[in-house]
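S.K.: Sharing a structure here in structure tokens format.
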There are 2 protein chains.
Amino acid sequence: MDTRTNLPVVGMVGAGQLARMTHQAAIPLGQSLRILAADADDGAALVASDVLIGSHTDLAALRELAAGADVVTFDHEHVPTEHIRALLAEGHTVFPGPDALICAQDKQVMRERLGKLGAPCPRWAPVDTPADLDAFAGGSWPVVLKAARGGYDGKGVWLVGSADEGQRLVTQLRAAGTPLIVEERVALRRELAAVVARSPFGQVAAYPVVETVQLDGICVEVIAPAPGLPEQRAIEAQQLAIRIANELGVVGVLAVELFETGSGDEADGGLVVNELAMRPHNSAHWTIEGARTSQFEQHLRAVLDYPLGATGLTAPWVVMANVLGGEPGGMGIDERLHHLMAELPDAKVHLYGKQVRPGRKIGHVTVLGDDLAAVRDRAARAAAWLRDGS
Amino acid sequence: MDTRTNLPVVGMVGAGQLARMTHQAAIPLGQSLRILAADADDGAALVASDVLIGSHTDLAALRELAAGADVVTFDHEHVPTEHIRALLAEGHTVFPGPDALICAQDKQVMRERLGKLGAPCPRWAPVDTPADLDAFAGGSWPVVLKAARGGYDGKGVWLVGSADEGQRLVTQLRAAGTPLIVEERVALRRELAAVVARSPFGQVAAYPVVETVQLDGICVEVIAPAPGLPEQRAIEAQQLAIRIANELGVVGVLAVELFETGSGDEADGGLVVNELAMRPHNSAHWTIEGARTSQFEQHLRAVLDYPLGATGLTAPWVVMANVLGGEPGGMGIDERLHHLMAELPDAKVHLYGKQVRPGRKIGHVTVLGDDLAAVRDRAARAAAWLRDGS
């Protein structure tokens with residue numbers, strides 16, 4: 001409890017853009033996010049007052065964060081499970097808890113748990129040797145090899161086209177100690193995300209299901225709601241996410257990344273779970289302006305065990321485009337921002353306080369409106385202005 | 001320029017709720033507001049990273065703020081003009097500049113300047129002695145006596161009903177050194193506000209004209225757009241505000257508080273200027289969710305000389321209700337927040353990080369929707385929950 005405001009304090013491990021935007025959402029709730037940052041120049045550390053510098057793998061740093069907080073939560077999935085258990089044993093409150101969070105940390109555990117729930121998943125198997133991979137493929141390549149831990153934004157995922165390639169990759173990755181699983185390559189029409197939040201009290205709130213568009217494994221665009229998704233399919237996706245949140249005991253935001261199966265424009269009615277994330281997620285950044293309650297406020301409400309906020313759309317269509325760092329040279333970010341604002345006065349800009357590096361997510365833009373094609377076009381143009389000024 | 005983000009830095013004098021909400025708006029722009037706070041527990045100081053502690057009347061503190069900022073702006077009007085001129089003389093950029101800001105600091109100067117512009121004002125006169133007041137009243141009481149400097153929220157305004165009362169008040173206030181003016185009591189139907197922003201480049205953007213509802217001189221409710229205001233009258237009010245912004249050379253947000261003259265439900269077509277504010281203003285807090293660009297983002301864009309943002313409404317009706325501190329005792333703020341969120345999941349809460357004191361503005365709530373009566377009712381209920389839990 002902060003004695004200056006008589007309100008509880010939320011501590012967040014990690015100080016990237018998710019913590020930055022969570023702090024932004026904390027301010028109107030009377031809160032000030034307490035943050036454990038790896039570096040004083042991390043995006044969230046630049047804007048918050050209550051910042052500790054330390055590693056998320058250092059139990060002493062985690063203890064210091066927890067000592068000044070009523071609840072501890074996460075900007076990323078990389079805190080060791082044993083450290084979370086140590087905090088719990090010492091009487092701290094941590095959401096999501098380790099038994100839920102492990103499913104966002106370890107793809108093998110995730111697949112096992114989802115299998116037990118009967119949630120639709122690709123066919124999969126653990127991989128320890130090249131022979132495991134061959135046996136799974138059964139001569140039918142390609143298959144998808146994944147690092148069970150540590151992957152993000154397309155990293156840690158390999159499309160393996162042959163037994164020879166698999167032999168080389170598995171040998172090399174297992175030698176480096178990387179735990180692996182293999183999954184069938186799903187015939188997918190597009191990717192969707194169902195984002196929900198759950199409180200300790202057990203209340204769950206679901207956002208409209210969105211389409212996520214990836215390029216080279218990185219999300220570049222999110223469209224809310226997912227265009228042309230039949231209402232029954234949307235409800236099915238939301239119910240699946242709610243069931244996963246309940247069964248795993250998630251507290252906070254849960255993003256369920258889904259494949260809509262089929263080919264071309266033809267959906268065949270199937271949904272399979274691709275990944276889980278248990279924190280505010282890129283697929284719901286659009287909620288800052290596009291939903292009555294942003295995912296960041298919702299995550300705070302959930303971990304504080306406050307009643308959850310309304311999740312309805314604020315416009316018929318909302319499109320978020322990620323801003324990736326462009327090549328060095330040319331206009332600086334400040335000049336790019338000038339041009340963007342002059343051309344698109346309704347685009348909502350979110351910069352993460354990061355140094356620009358090619359391909360790095362440095363921000364996002366959100367555009368709302370009545371005409372999907374126009375909204376997508378404006379969002380893409382806004383993101384392009386910030387990327388390379390053209 | 002912040003070398004970590006390659007973006008300019010805005011310094012703000014004062015650390016109340018306006019600075020707090022401006023910092024919130026700075027985060028998505030890649031900014032982090034640099035703040036001069038009187039006290040480390042001020043609302044904005046609780047949530048920002050770049051905070052100096054010092055007085056707005058201390059030139060050394062102002063210089064330190066300016067030294068780390070590309071532009072200096074204000075959370076309030078109380079910085080001495082000579083200090084602002086000193087900063088300018090030393091090469092700093094300050095918006096709004098002293099020649100504009102003086103009209104928000106001194107009601108006599110404001111009336112003189114507005115008179116020269118031909119802006120509609122109540123009949124008024126400076127007051128040095130009780131005889132000045134008598135001469136202005138000409139036997140027709142009541143009249144409105146105002147402190148030319150230092151008033152806010154109804155403080156510094158006296159409705160004077162008789163020569164005797166005037167004699168006593170003027171003698172007492174002049175003995176205390178308070179500069180005074182007198183104004184006719186305007187037959188007003190209601191109060192309106194026209195809020196605009198202007199950049200150094202000369203771009204001006206106007207928000208929809210709103211109705212402000214006062215109780216005991218304190219704004220308790222703002223309705224956007226002003227119900228039943230004829231379009232021509234709304235345009236006239238916006239054009240008046242734009243003209244004042246241009247003629248005074250305002251940079252940043254300008255709020256023009258207006259009286260709509262007439263009586264009862266009958267407007268007689270007249271508008272007169274009541275007050276000016278040159279900073280984000282209570283009459284535009286609704287813009288955080290209710291306009292495409294909030295007044296706080298707009299103020300930052302203006303003082304940074306960025307192109308201004310779109311000002312359109314995001315819903316047919318937007319109502320903001322101020323939350324005033326209730327009597328001590330009963331439920332704490334955290335429990336009140338629980339109840340409010342449970343009952344009104346779509347209400348947007350803004351708490352200012354202040355200790356609760358009776359009558360003190362500790363936050364506001366905003367509700368949006370299609371049905372004005374329902375939106376007003378929900379906003380009033382939300383504010384009442386936070387005030388006293390009932």
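Sequential numbering from 1, following the chain as shown.
Every residue gets a Cβ built from N, Cα and C, even glycine.
According to TrEMBL:
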type: BINDING; residues: A:Lys107, A:Lys146, A:Glu183, A:Glu184, A:Arg185, A:Val186, A:Glu191, A:Asn274, A:Glu275; note: ATP binding site
type: DOMAIN; residues: A:111-304; note: domain 'ATP-grasp'
S.K.: By the count of other Cβ atoms within 10 Å, pick out the sparsest of the binding-site residues A:Lys107, A:Arg185.
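M.R.: Counting other Cβ atoms within 10 Å of each of the binding-site residues A:Lys107, A:Arg185, the minimum falls on A:Arg185.
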S.K.: Other than its own, how many Cβ atoms are within 10 Å of the Cβ belonging to A:Glu183 (ATP binding site)?
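M.R.: The answer is 20.
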S.K.: Within the domain 'ATP-grasp' (A:111-304), what mean pLDDT does the predicted structure show?
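M.R.: Here the mean pLDDT over the domain 'ATP-grasp' (A:111-304) amounts to 94.
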S.K.: What residues, ordered by sequence, lie under 8 A Cβ-to-Cβ from A:Glu275 (ATP binding site) and sit at least six positions away in the same chain?
M.R.: A:Lys107, A:Met110, A:Glu257
S.K.: With ATP as the bound species and A:Lys107, A:Lys146, A:Glu183, A:Glu184, A:Arg185, A:Val186, A:Glu191, A:Asn274, A:Glu275 as its recorded binding residues, calculate the greatest Cα-Cα distance and give it in Å as a whole number.
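M.R.: If we measure all Cα pairs in A:Lys107, A:Lys146, A:Glu183, A:Glu184, A:Arg185, A:Val186, A:Glu191, A:Asn274, A:Glu275, the largest is 18 Å.
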S.K.: Once near-sequence residues are set aside, which residues in the chain of A:Glu191 (ATP binding site), 6 or more away, have Cβ atoms under 8 Å from its Cβ?
M.R.: A:Glu211, A:Thr212, A:Val213, A:Gln214, A:Glu257, A:Leu258, A:Phe259, A:Glu260, A:Asn274
